[in-house]
Amino acid sequence: MKCHATWTLESWEGKMCLHEIEKEGVDLEETQLRIQHSQTMAVMGTRHNLAITFGILGNVVSFLVYLAPLPTFYQIYKKKSTEDFQSLPYLVALFSSMLWLFYALLKIHGAAPLITINSFGCVIELMYVVTYITYAHKDARKLTIKLFVAMNMGSFALVLSVIHFALHDPSLRVSVLGWICVCVSVSVFAAPLSIMRRVYRTKSVQFMPFNLSFFLTLSAIMWLAYGLFMKDICIAIPNVLGFALGLLQMVLYGIYRNGGVKKEKALEATVKNIVAVNPLGPSEVFPISVDDPNGLVDDVNQQFQTKKGAQDNNDQKSVDAKDCPV
């Protein structure tokens with residue numbers, strides 16, 4: 001269709017009179033399609049740039065969260081003992097980083113931020129696990145090695161085999177693996193919910209540090225924005241939950257920050273493993289030493305006294321048996 005009008009049209013080269021377009025022998029419909037394509041490409045370019053920006057910011061925040069357990073492992077190194085710390089949180093964090101790295105490598109397009117942070121996550125979490133195994137006592141070392149073989153080697157090998165040999169469509173591989181990553185990320189939200197419940201029950205925030213909640217919320221915002229701009233629902237979903245939980249944690253902190261803090265009692269301090277969910281992706285899980293808020297130590301002491309009483313009864317029976325004449 002040729003145009004004989006004199007009004008102007010926005011084009012990829014600027015404003016042109018339609019009679020000039022006709023003079024050049026250019027079809028109007030084709031021109032409009034080119035304009036729409038140019039505008040679409042501009043929007044896509046802007047969205048991609050924003051995704052990369054938020055991905056870089058997410059890397060910075062997640063990098064700091066990954067380094068949070070360093071004081072704990074410095075303490076383990078100095079004392080040459082893991083004391084009451086547990087290895088499961090670090091194994092879970094390593095498994096999560098391995099899955100998200102695998103997902104990013106399959107996805108390829110726009111996945112550089114995921115590849116970067118999860119590569120670092122795999123390295124740092126593996127260092128934590130090796131350090132733990134080095135200084136753990138015999139039983140804890142055996143358990144850690146068994147869990148590592150079962151989860152980080154066995155389960156990951158199973159996922160790898162299913163994705164590569166059972167699924168042949170590349171897009172289906174990415175989709176299935178993405179939802180596996182979502183399930184792993186969402187499954188660790190039970191710990192923050194448990195912590196929040198304890199804050200509400202005890203009216204104390206001593207075992208829910210504000211800085212940790214703040215940075216995890218900030219991380220969730222960055223990766224949520226990254227997932228939305230990349231149109232990746234598998235990244236967005238865990239971070240929606242992470243953002244909501246982070247806000248709730250900070251609200252609880254604001255409400256109970258002036259609440260009474262229980263005095264530390266001798267031999268009644270314990271170590272709680274607090275799961276720091278960074279649902280990008282990697283979920284950083286590390287222990288924080290806090291006082292027992294729920295009378296756990298009292299329960300343990302009570303059980304100990306019960307066992308001690310039973311042992312005393314057995315000893316008394318043994319003495320009576322020896323005193324009895326044959």
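Keep in mind that glycine also has a Cβ here, set from the backbone N, Cα and C atoms.
According to TrEMBL, the protein has these features:
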type	residues	note
TRANSMEM	50-68	transmembrane segment
TRANSMEM	88-106	transmembrane segment
TRANSMEM	112-135	transmembrane segment
TRANSMEM	147-167	transmembrane segment
TRANSMEM	173-195	transmembrane segment
TRANSMEM	207-229	transmembrane segment
TRANSMEM	235-256	transmembrane segment
REGION	307-326	region 'Disordered'
COMPBIAS	314-326	compositional bias 'Basic and acidic residues'
(message) For the transmembrane segment (173-195), I need the partner stretch with the highest count of C-beta pairs below 8 angstroms, choosing only from 50-68, 88-106, 112-135, 147-167.
(response) 88-106
(request) State the non-local partners of the transmembrane segment (235-256) in its own chain: residues 6+ outside its ends, Cβ under 8 Å from one of its Cβ atoms. (result) 114, 182, 185-186, 189, 192-193, 195-196, 199-200, 203-205, 208, 210, 213-214, 216-221, 223-224, 226-228, 277-281
